[in-house]
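The following features are taken from TrEMBL:
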BINDING   Cys81, Cys84, His85  heme c 1 binding site
BINDING   Cys233, Cys236, His237  heme c 2 binding site
DOMAIN    220-346  domain 'Cytochrome c'
REGION    310-329  region 'Disordered'
Amino acid sequence: MDVVPGMVLAGLALAFAACQKEERPVEPVWTGPTAVTWKKPAHFPDPVYDLSTNPLTEEGIELGKFLFYDGILSRTNQIGCGTCHQQEAAFTHHGHELSHGVDDLLGTRNSPSIQNLAWNPVFFWDGGVHDLDKVPFNPIQNPVEMDETVKNVIAKLQATPLATAKKPVNYPEMFRKAFGDDQITTERMMKALSQFMLTMVSAESRYDFFKQGDGSALNAQEQEGLVLFKAKCSSCHTGELFTDHSFRNNGLVPLRLDDKGRSETSGDPADKYKFKVPSLRNVGLTAPYMHDGRYHTLEEVLDHYTSAVQQSPTLDPGLQRADRKPGIDMTDSEKKSIIAFLRTLSDEQFIRNSKLSDPGVGTNF
(Lines of atoms letter the chains of each structure in order from A and count residues from 1; the text may use other names and numbers.)
(Lines give C-alpha, C1' and ligand atoms only; values in the text may rest on other atoms or scores of the structure.)
Protein backbone atom coordinates (compact mmCIF):
# COMPACT_ATOMS: atom_id res chain seq x y z
CA MET A 1 0.00 0.00 0.00
CA ASP A 2 2.99 2.41 0.52
CA VAL A 3 3.96 2.08 -3.14
CA VAL A 4 0.95 3.94 -4.55
CA PRO A 5 1.47 7.25 -2.70
CA GLY A 6 5.15 7.13 -3.67
CA MET A 7 4.28 6.66 -7.30
CA VAL A 8 1.77 9.53 -7.10
CA LEU A 9 4.36 11.84 -5.57
CA ALA A 10 6.93 10.88 -8.20
CA GLY A 11 4.39 11.57 -10.93
CA LEU A 12 3.56 14.97 -9.46
CA ALA A 13 7.25 15.83 -9.25
CA LEU A 14 7.77 14.92 -12.90
CA ALA A 15 4.72 16.93 -13.94
CA PHE A 16 5.93 19.95 -11.95
CA ALA A 17 9.37 19.68 -13.53
CA ALA A 18 7.80 19.47 -16.98
CA CYS A 19 5.73 22.58 -16.29
CA GLN A 20 8.84 24.45 -15.16
CA LYS A 21 10.64 23.42 -18.36
CA GLU A 22 7.74 24.62 -20.50
CA GLU A 23 7.58 27.98 -18.71
CA ARG A 24 11.20 28.93 -19.38
CA PRO A 25 11.32 32.08 -21.53
CA VAL A 26 12.08 31.42 -25.16
CA GLU A 27 15.12 33.25 -26.50
CA PRO A 28 13.99 35.80 -29.12
CA VAL A 29 15.00 34.99 -32.67
CA TRP A 30 17.10 37.75 -34.28
CA THR A 31 15.17 38.97 -37.30
CA GLY A 32 17.59 41.63 -38.45
CA PRO A 33 18.10 45.32 -37.73
CA THR A 34 15.13 47.67 -37.46
CA ALA A 35 14.54 49.55 -40.70
CA VAL A 36 14.33 53.35 -40.62
CA THR A 37 12.52 55.41 -43.23
CA TRP A 38 14.64 58.36 -44.32
CA LYS A 39 12.42 61.38 -44.95
CA LYS A 40 13.27 64.10 -47.46
CA PRO A 41 12.10 67.60 -46.51
CA ALA A 42 9.25 68.44 -48.86
CA HIS A 43 10.92 71.56 -50.28
CA PHE A 44 14.33 69.90 -50.83
CA PRO A 45 15.49 68.34 -54.12
CA ASP A 46 16.04 64.60 -54.45
CA PRO A 47 19.17 63.36 -52.68
CA VAL A 48 22.35 62.42 -54.51
CA TYR A 49 23.25 59.56 -52.14
CA ASP A 50 21.78 56.21 -53.20
CA LEU A 51 20.05 55.02 -50.04
CA SER A 52 19.34 51.62 -51.60
CA THR A 53 23.05 50.79 -51.27
CA ASN A 54 23.02 51.45 -47.53
CA PRO A 55 19.52 51.07 -46.05
CA LEU A 56 19.23 52.93 -42.77
CA THR A 57 18.49 50.98 -39.58
CA GLU A 58 18.18 51.99 -35.94
CA GLU A 59 21.12 49.78 -35.05
CA GLY A 60 23.29 51.02 -37.92
CA ILE A 61 22.61 54.66 -37.07
CA GLU A 62 23.37 54.05 -33.39
CA LEU A 63 26.64 52.31 -34.27
CA GLY A 64 27.53 55.17 -36.58
CA LYS A 65 26.86 57.71 -33.85
CA PHE A 66 29.20 55.95 -31.43
CA LEU A 67 31.90 55.68 -34.10
CA PHE A 68 31.46 59.36 -35.04
CA TYR A 69 32.11 60.59 -31.52
CA ASP A 70 34.57 57.97 -30.26
CA GLY A 71 38.25 58.92 -30.19
CA ILE A 72 39.08 55.29 -30.96
CA LEU A 73 39.29 56.32 -34.63
CA SER A 74 42.50 58.26 -33.86
CA ARG A 75 46.03 57.15 -33.00
CA THR A 76 45.74 58.67 -29.51
CA ASN A 77 42.18 57.44 -28.93
CA GLN A 78 41.27 61.06 -28.15
CA ILE A 79 40.23 62.71 -31.43
CA GLY A 80 36.85 61.73 -32.84
CA CYS A 81 34.85 63.19 -35.71
CA GLY A 82 32.81 65.11 -33.14
CA THR A 83 35.95 66.80 -31.81
CA CYS A 84 36.10 69.08 -34.85
CA HIS A 85 32.43 68.83 -35.81
CA GLN A 86 30.50 70.02 -32.75
CA GLN A 87 26.72 69.91 -32.73
CA GLU A 88 26.19 73.28 -31.05
CA ALA A 89 28.15 74.88 -33.91
CA ALA A 90 26.16 73.03 -36.60
CA PHE A 91 28.92 70.42 -36.66
CA THR A 92 31.82 72.78 -37.27
CA HIS A 93 34.75 73.47 -34.91
CA HIS A 94 33.50 76.38 -32.84
CA GLY A 95 35.91 79.31 -32.72
CA HIS A 96 38.74 77.50 -34.50
CA GLU A 97 40.16 78.99 -37.68
CA LEU A 98 41.99 75.72 -38.27
CA SER A 99 41.25 72.56 -36.32
CA HIS A 100 43.64 70.79 -33.96
CA GLY A 101 44.27 67.08 -34.37
CA VAL A 102 46.35 64.49 -32.52
CA ASP A 103 49.14 65.84 -30.32
CA ASP A 104 47.54 69.30 -30.78
CA LEU A 105 48.83 69.47 -34.35
CA LEU A 106 47.34 72.30 -36.38
CA GLY A 107 45.34 71.44 -39.49
CA THR A 108 45.46 73.30 -42.78
CA ARG A 109 41.77 74.10 -43.33
CA ASN A 110 38.67 75.18 -41.46
CA SER A 111 36.29 72.34 -40.56
CA PRO A 112 33.21 72.54 -42.82
CA SER A 113 29.73 71.95 -41.46
CA ILE A 114 28.36 68.40 -41.55
CA GLN A 115 24.73 68.74 -42.59
CA ASN A 116 22.48 67.63 -45.44
CA LEU A 117 25.21 65.35 -46.79
CA ALA A 118 22.72 63.23 -48.74
CA TRP A 119 22.66 66.06 -51.30
CA ASN A 120 26.45 66.49 -51.61
CA PRO A 121 27.98 65.21 -54.86
CA VAL A 122 31.51 66.13 -53.64
CA PHE A 123 33.18 66.56 -50.26
CA PHE A 124 35.91 68.67 -48.65
CA TRP A 125 37.00 72.15 -49.67
CA ASP A 126 38.87 70.78 -52.69
CA GLY A 127 36.30 68.17 -53.71
CA GLY A 128 38.78 65.35 -53.31
CA VAL A 129 36.12 62.74 -52.45
CA HIS A 130 32.92 61.96 -54.35
CA ASP A 131 31.39 59.26 -52.12
CA LEU A 132 30.11 59.84 -48.58
CA ASP A 133 31.08 56.26 -47.65
CA LYS A 134 34.71 57.14 -48.33
CA VAL A 135 34.83 60.50 -46.54
CA PRO A 136 36.07 59.13 -43.16
CA PHE A 137 39.24 57.72 -44.76
CA ASN A 138 40.64 61.24 -45.11
CA PRO A 139 40.55 62.43 -41.49
CA ILE A 140 41.44 59.01 -40.09
CA GLN A 141 44.61 58.78 -42.18
CA ASN A 142 45.55 62.48 -42.20
CA PRO A 143 48.74 62.88 -40.09
CA VAL A 144 47.57 66.17 -38.53
CA GLU A 145 44.02 65.00 -37.85
CA MET A 146 43.62 61.44 -36.53
CA ASP A 147 46.91 59.99 -37.80
CA GLU A 148 45.67 56.40 -37.73
CA THR A 149 45.22 53.51 -40.13
CA VAL A 150 41.86 51.92 -40.85
CA LYS A 151 43.41 48.50 -40.24
CA ASN A 152 44.46 49.51 -36.74
CA VAL A 153 41.08 51.11 -36.01
CA ILE A 154 39.40 47.80 -36.84
CA ALA A 155 41.83 45.94 -34.58
CA LYS A 156 40.99 48.31 -31.72
CA LEU A 157 37.26 47.98 -32.31
CA GLN A 158 37.57 44.19 -32.21
CA ALA A 159 39.34 44.42 -28.85
CA THR A 160 36.64 46.52 -27.18
CA PRO A 161 35.64 47.35 -24.58
CA LEU A 162 38.96 49.07 -23.92
CA ALA A 163 39.97 49.55 -20.30
CA THR A 164 41.11 53.10 -21.05
CA ALA A 165 37.92 54.17 -22.85
CA LYS A 166 35.94 57.16 -21.59
CA LYS A 167 32.86 54.95 -21.82
CA PRO A 168 33.35 51.21 -22.36
CA VAL A 169 31.66 50.10 -25.58
CA ASN A 170 31.32 46.56 -26.91
CA TYR A 171 31.69 47.26 -30.63
CA PRO A 172 31.58 43.61 -31.79
CA GLU A 173 28.12 43.39 -30.20
CA MET A 174 27.03 46.67 -31.83
CA PHE A 175 28.21 45.42 -35.23
CA ARG A 176 26.32 42.16 -34.65
CA LYS A 177 23.10 44.05 -33.96
CA ALA A 178 23.60 46.28 -37.00
CA PHE A 179 24.81 43.70 -39.53
CA GLY A 180 23.88 40.22 -38.23
CA ASP A 181 27.27 39.06 -36.94
CA ASP A 182 30.19 40.56 -35.05
CA GLN A 183 32.53 40.79 -38.04
CA ILE A 184 34.04 44.28 -38.19
CA THR A 185 35.06 45.34 -41.68
CA THR A 186 36.07 48.59 -43.33
CA GLU A 187 32.91 48.63 -45.44
CA ARG A 188 30.62 48.11 -42.45
CA MET A 189 32.38 50.79 -40.43
CA MET A 190 32.11 53.33 -43.25
CA LYS A 191 28.48 52.50 -43.97
CA ALA A 192 27.55 52.86 -40.30
CA LEU A 193 29.22 56.28 -40.18
CA SER A 194 27.34 57.26 -43.35
CA GLN A 195 24.05 56.10 -41.87
CA PHE A 196 24.50 58.40 -38.90
CA MET A 197 25.67 61.35 -40.99
CA LEU A 198 22.71 60.92 -43.34
CA THR A 199 20.41 61.68 -40.40
CA MET A 200 22.04 65.11 -40.00
CA VAL A 201 19.33 66.91 -41.94
CA SER A 202 18.83 70.62 -41.24
CA ALA A 203 15.52 71.91 -42.61
CA GLU A 204 13.69 73.55 -39.71
CA SER A 205 14.96 77.12 -39.67
CA ARG A 206 12.73 80.19 -39.66
CA TYR A 207 13.50 80.51 -43.35
CA ASP A 208 12.13 77.00 -43.91
CA PHE A 209 8.90 77.88 -42.11
CA PHE A 210 8.61 81.01 -44.25
CA LYS A 211 9.31 78.99 -47.39
CA GLN A 212 6.52 76.59 -46.50
CA GLY A 213 3.90 79.29 -46.08
CA ASP A 214 4.37 80.95 -42.68
CA GLY A 215 4.60 84.60 -43.72
CA SER A 216 5.16 85.69 -40.13
CA ALA A 217 8.37 83.63 -39.77
CA LEU A 218 10.50 86.48 -41.19
CA ASN A 219 10.19 90.15 -40.28
CA ALA A 220 10.32 93.00 -42.82
CA GLN A 221 14.10 93.45 -42.67
CA GLU A 222 14.72 89.71 -43.02
CA GLN A 223 12.39 89.52 -46.02
CA GLU A 224 14.20 92.48 -47.58
CA GLY A 225 17.45 90.63 -46.91
CA LEU A 226 16.10 87.55 -48.70
CA VAL A 227 15.33 89.63 -51.81
CA LEU A 228 18.79 91.22 -51.71
CA PHE A 229 20.44 87.85 -51.12
CA LYS A 230 18.77 86.38 -54.20
CA ALA A 231 19.92 89.36 -56.24
CA LYS A 232 23.52 89.49 -55.05
CA CYS A 233 24.50 86.07 -53.66
CA SER A 234 22.40 83.33 -55.21
CA SER A 235 24.50 82.79 -58.33
CA CYS A 236 26.69 80.60 -56.06
CA HIS A 237 24.57 80.05 -52.95
CA THR A 238 21.48 78.81 -54.73
CA GLY A 239 18.49 76.58 -54.04
CA GLU A 240 17.27 75.20 -50.74
CA LEU A 241 20.76 73.96 -49.88
CA PHE A 242 22.25 77.43 -50.49
CA THR A 243 25.10 76.06 -52.59
CA ASP A 244 25.54 74.96 -56.19
CA HIS A 245 28.37 72.59 -55.11
CA SER A 246 30.72 74.26 -57.56
CA PHE A 247 34.34 75.36 -57.04
CA ARG A 248 35.11 79.06 -57.29
CA ASN A 249 37.89 81.53 -56.61
CA ASN A 250 36.24 84.20 -54.48
CA GLY A 251 39.24 86.53 -54.40
CA LEU A 252 40.94 85.70 -51.12
CA VAL A 253 44.54 86.88 -50.77
CA PRO A 254 46.67 83.72 -50.27
CA LEU A 255 48.03 83.49 -46.71
CA ARG A 256 51.14 81.81 -45.36
CA LEU A 257 49.95 78.29 -46.26
CA ASP A 258 49.22 79.37 -49.87
CA ASP A 259 46.48 76.74 -50.16
CA LYS A 260 45.80 76.35 -53.89
CA GLY A 261 42.46 74.60 -53.36
CA ARG A 262 40.84 72.53 -56.08
CA SER A 263 43.95 72.49 -58.29
CA GLU A 264 45.76 70.39 -55.67
CA THR A 265 43.40 67.48 -56.36
CA SER A 266 42.44 68.12 -59.99
CA GLY A 267 45.93 69.03 -61.21
CA ASP A 268 44.35 71.70 -63.43
CA PRO A 269 45.99 75.16 -63.22
CA ALA A 270 42.58 76.67 -64.07
CA ASP A 271 41.37 75.45 -60.65
CA LYS A 272 44.02 77.38 -58.71
CA TYR A 273 42.59 79.04 -55.58
CA LYS A 274 39.14 77.61 -56.23
CA PHE A 275 37.30 76.13 -53.25
CA LYS A 276 33.95 74.43 -52.85
CA VAL A 277 31.02 76.81 -52.39
CA PRO A 278 29.77 75.99 -48.87
CA SER A 279 26.14 75.72 -47.88
CA LEU A 280 24.97 78.77 -45.94
CA ARG A 281 22.51 76.87 -43.81
CA ASN A 282 23.27 77.58 -40.14
CA VAL A 283 25.89 80.11 -41.27
CA GLY A 284 25.18 82.27 -38.23
CA LEU A 285 26.47 79.41 -36.04
CA THR A 286 29.54 78.32 -37.99
CA ALA A 287 32.13 81.11 -37.57
CA PRO A 288 34.94 81.51 -38.45
CA TYR A 289 34.46 81.58 -42.20
CA MET A 290 36.24 80.68 -45.46
CA HIS A 291 38.45 77.64 -46.05
CA ASP A 292 41.09 79.04 -43.70
CA GLY A 293 38.79 80.61 -41.10
CA ARG A 294 40.20 84.09 -41.71
CA TYR A 295 36.92 85.95 -41.11
CA HIS A 296 35.24 85.78 -37.74
CA THR A 297 31.98 87.60 -38.44
CA LEU A 298 29.42 87.78 -41.21
CA GLU A 299 30.11 91.51 -41.38
CA GLU A 300 33.74 90.76 -42.27
CA VAL A 301 32.61 88.32 -44.96
CA LEU A 302 30.38 90.87 -46.69
CA ASP A 303 33.06 93.55 -46.34
CA HIS A 304 35.37 91.20 -48.22
CA TYR A 305 32.97 91.00 -51.13
CA THR A 306 32.50 94.75 -51.35
CA SER A 307 36.07 95.94 -50.91
CA ALA A 308 38.71 93.18 -50.47
CA VAL A 309 38.32 90.83 -53.46
CA GLN A 310 41.75 90.09 -54.93
CA GLN A 311 42.12 90.05 -58.71
CA SER A 312 43.68 86.88 -60.17
CA PRO A 313 43.53 84.87 -63.43
CA THR A 314 41.06 82.35 -61.98
CA LEU A 315 38.81 84.82 -60.13
CA ASP A 316 35.15 83.95 -60.53
CA PRO A 317 33.59 85.94 -63.40
CA GLY A 318 30.64 86.85 -61.19
CA LEU A 319 32.94 89.05 -59.10
CA GLN A 320 34.35 91.01 -62.02
CA ARG A 321 33.20 94.62 -62.39
CA ALA A 322 33.91 96.65 -65.52
CA ASP A 323 36.66 99.27 -65.16
CA ARG A 324 37.01 98.93 -61.41
CA LYS A 325 38.06 96.68 -58.56
CA PRO A 326 36.23 93.31 -58.51
CA GLY A 327 33.54 92.59 -55.94
CA ILE A 328 29.81 92.91 -55.26
CA ASP A 329 28.00 96.23 -54.82
CA MET A 330 26.31 96.42 -51.41
CA THR A 331 25.48 99.40 -49.23
CA ASP A 332 25.87 99.20 -45.45
CA SER A 333 22.10 99.07 -45.12
CA GLU A 334 21.87 96.22 -47.61
CA LYS A 335 24.59 94.30 -45.77
CA LYS A 336 22.62 94.57 -42.51
CA SER A 337 19.48 93.23 -44.18
CA ILE A 338 21.35 90.35 -45.83
CA ILE A 339 22.94 89.39 -42.53
CA ALA A 340 19.56 89.57 -40.81
CA PHE A 341 18.27 87.11 -43.41
CA LEU A 342 21.29 84.82 -43.11
CA ARG A 343 20.62 84.45 -39.39
CA THR A 344 17.17 83.06 -40.19
CA LEU A 345 18.92 80.00 -41.66
CA SER A 346 19.89 78.84 -38.13
CA ASP A 347 18.13 75.60 -37.19
CA GLU A 348 17.75 75.39 -33.42
CA GLN A 349 16.16 71.95 -33.61
CA PHE A 350 19.17 70.64 -35.51
CA ILE A 351 21.74 71.77 -32.96
CA ARG A 352 19.65 70.48 -30.04
CA ASN A 353 18.46 67.17 -31.47
CA SER A 354 19.46 64.56 -28.88
CA LYS A 355 19.49 61.86 -31.56
CA LEU A 356 22.55 63.59 -33.03
CA SER A 357 24.30 64.18 -29.71
CA ASP A 358 27.40 62.55 -28.22
CA PRO A 359 26.38 59.31 -26.44
CA GLY A 360 29.13 59.88 -23.89
CA VAL A 361 32.22 58.71 -25.74
CA GLY A 362 33.52 61.96 -27.26
CA THR A 363 35.99 64.71 -26.41
CA ASN A 364 35.95 68.38 -27.43
CA PHE A 365 38.91 70.77 -27.53
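Every residue number used here counts from 1 along the chain in the order it is shown.
Cβ from N, Cα, C; glycine included.
Since we're looking at a predicted model, the values are computed, not measured.
Report note: the heme c 1 site is defined by Cys81, Cys84, His85, and the residues of the same chain whose CB lies within 8 Å of the CB centroid of those residues, excluding them, are Phe68, Gly80, Gly82, Thr83, Gln86, Phe91, His93, Ser99, Ser111, Ile114, Pro139. Each residue in Phe229, Ser234, Ser235, Thr238, Phe242, Thr243, Asp244, Val277, Leu280 lies on the same chain as Cys233, Cys236, His237 and has a C-beta within 8 Å of the C-beta centroid of that heme c 2 site, without being one of the site residues. The number of other Cβ atoms within 10 Å of the Cβ belonging to Cys233 (heme c 2 binding site), over all protein chains shown, comes to 20. The average pLDDT computed for the domain 'Cytochrome c' (220-346) is 97. Closest in space to His85 (heme c 1 binding site), of the binding-site residues given as Cys233, Cys236, His237, is His237, taking the CA atom of each residue. In this structure the C-alpha atoms belonging to Cys81 (heme c 1 binding site) and His237 (heme c 2 binding site) are separated by 26 Å. Neighbour list (Cys236 (heme c 2 binding site), Cβ cut-off 8 Å, at least 6 residues apart, same chain): Thr243, Asp244, Ser246, Arg248, Val277, Asp316, Gly318. Cys84 (heme c 1 binding site) and His237 (heme c 2 binding site) have their C-alpha atoms 24 Å apart, to the nearest angstrom.
Secondary structure counts, DSSP: the domain 'Cytochrome c' (220-346) has 50 helix, 12 strand, 65 coil.
Cβ neighbour count for Cys81 (heme c 1 binding site): 27 (other Cβ atoms within 10 Å of its Cβ, all protein chains included).
Among the listed binding-site residues, namely His85, His237, the Cβ with the most fellow Cβ atoms inside 10 Å is that of His85.
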